[in-house]
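Enquirer: Have a look at this one before I ask anything.
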Amino acid sequence: MKVLGLETSCDETGLAIFDSEQINSDNQGLVGQVLYSQIELHALYGGVVPELASRDHIRKLVPLLNELLEQCDMKKSEIDAIAYTKGPGLIGALMTGALFGRSLAYGLDIPAIGIHHMEGHLLAPLMGANPPAFPFVSLLVSGGHTLLIAAHGVGQYEILGESIDDAAGECFDKAAKMLGLPYPGGPNIAKLAETGNPDAYALPRPMLHRGLDFSFSGMKTAVHNLIKDTEGSDSDPQVRADIAASFQHAVVDTLVKKCVKALKQAGMSRLVIAGGVSANTHLRETLEAELDKINATVHYAPPALCTDNGAMIAYAGFERLQAGQSDDLAVSCIPRWPMTELPAV
Ligand code: ATP
Ligand code: MG
Ligand code: FE
């Protein structure tokens, strides 16, 4: 089944074609993908401007689809089904992709399905020849979410813990901003941290011993104070690298300890990490080392499938379509949408 996936929930226009008949160890069944980021458009305003995001998706969807088809050497008529992001996200941005996808499917007389953006992230590491089997604990760490989930099957998600304030990715982005690094902060902090000492400064590990919830807003204040105490964000390059490394270490340490606790609590031995922050090398390496000690394994997607993309939407769509699910002609997007409300497959 060849599924076209469309992602337009925020500031990225992502399109991809997943083909369940072309899964092999190299390509995850991914025939091709295109991604356009609106980062530069919004940089001027210091944050995503919803109306500008919607307009830019509209401008980009048709040219990107044509580019994708050319890349895949495919005709529109060869697409078997379309999956689009239905929520959560910015309502205007969601509507552009949903209406585009729904209408295109109607025109081609093929099924369409609306997908939960976070389910897309969660399932992305399962694309490919050797996916980790259910059940597993999923750590979803992205720009807007920090969730620990017991995943019993597609659509069977039990929330074990979540952030009570900022998301992990948001925390990276805010710390980066304070250090004068550009958005998105995660990869830039990670790069700066490479030359820093992770033990240079002791940063807090909030709520470490309290259940499986997270709190990251206190980290902001801690980084802010640290920068002030070390003479500002334009201090000595080594000090900046040490701050980045110490910050990254504190966030990773918190995430890893909660993952270990969640695996024990759920009685599971597989951890699947997803979302933009799961691209972080320090997080991956620390998890590998710590989970090895408790005979558990960690699974993740290639970096390009960790952040927003159309492939994860195509794949989540495939999982639901092959189980006989699809949406009717009415398009309804859901800006706030708990994952526990999804139907099981
Ligand atoms: P959500 O999925 O919750 O709606 P989003 O779509 O904006 O939010 P993603 O695209 O999954 O989030 O991820 C983007 C986030 O991931 C950003 O906060 C970014 O800083 C972070 N990120 C990306 N790469 C890395 C990395 N290597 N290390 C740490 N953080 C990273
Ligand atoms: Mg984004
Ligand atoms: Fe995302």
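Backbone N, Cα and C atoms are what each Cβ position is placed from, and that goes for glycine too.
As annotated by TrEMBL, Fe cation binding site applies to H117, H121, D308. Residues or ranges marked as substrate binding site in TrEMBL: L140, V141, S142, G143, G144, D173, G186, N280. Annotation source TrEMBL lists domain 'Gcp-like' at 30-315.
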Enquirer: Please work out which residue of G143, G144, G186 has the most C-beta neighbours within 10 angstroms of its C-beta, and give that one of the binding-site residues.
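Expert: The most densely surrounded of these binding-site residues is G186.
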Enquirer: What subset of the binding-site residues H117, H121, D308 lies within 10 angstroms of V141 (substrate binding site) at the C-alpha level?
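Expert: Checking Cα-Cα distances against V141 (substrate binding site), the binding-site residues within 10 Å turn out to be H121.
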Enquirer: Excluding H117, H121, D308, please set out which residues of the same chain place their CB within 8 Å of the center of the CB atoms of the Fe cation site, keeping sequence order.
Expert: E7, S9, T85, M118, G120, S142, G275, T307, N309, M312, I313
Enquirer: By CA-CA distance, flag whichever of H117, H121, D308 among the binding-site residues is nearest to D173 (substrate binding site).
Expert: D308
Enquirer: Show me the subset of S142, G144, G186 whose Cα is within 10 Å of D308 (Fe cation binding site); these are the binding-site residues I mean.
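Expert: Near D308 (Fe cation binding site), where near means Cα within 10 Å, the binding-site residues are S142.
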Enquirer: Just the number: how many Å between the Cα atoms of G143 (substrate binding site) and H117 (Fe cation binding site)?
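Expert: On Cα coordinates alone, these residues lie 12 Å apart.
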Enquirer: So which binding-site residues out of H117, V141, S142, D173, N280, D308 are up against ligand 2, CB under 6 A?
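Expert: What lies within reach of ligand 2, judged by Cβ under 6 Å, is D308.
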Enquirer: If you draw a 10 Å sphere on the Cβ of D173 (substrate binding site), how many other Cβ atoms land inside?
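Expert: Total other Cβ atoms inside 10 Å, all chains included: 21.
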Enquirer: Far apart in sequence but close in space: which same-chain residues, 6 or more away, have a Cβ under 8 Å from S142 (substrate binding site)?
Expert: M118, H121, A167, A168, G169, A274, G275, G276, V277
Enquirer: Long-range neighbours only, meaning 6 or more apart in sequence with Cβ under 8 Å: which ones does L140 (substrate binding site) have?
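Expert: Within the chain, L140 (substrate binding site) has Cβ neighbours under 8 Å at M118, H121, L122, T146, L147, L148, I149, A274, G275.
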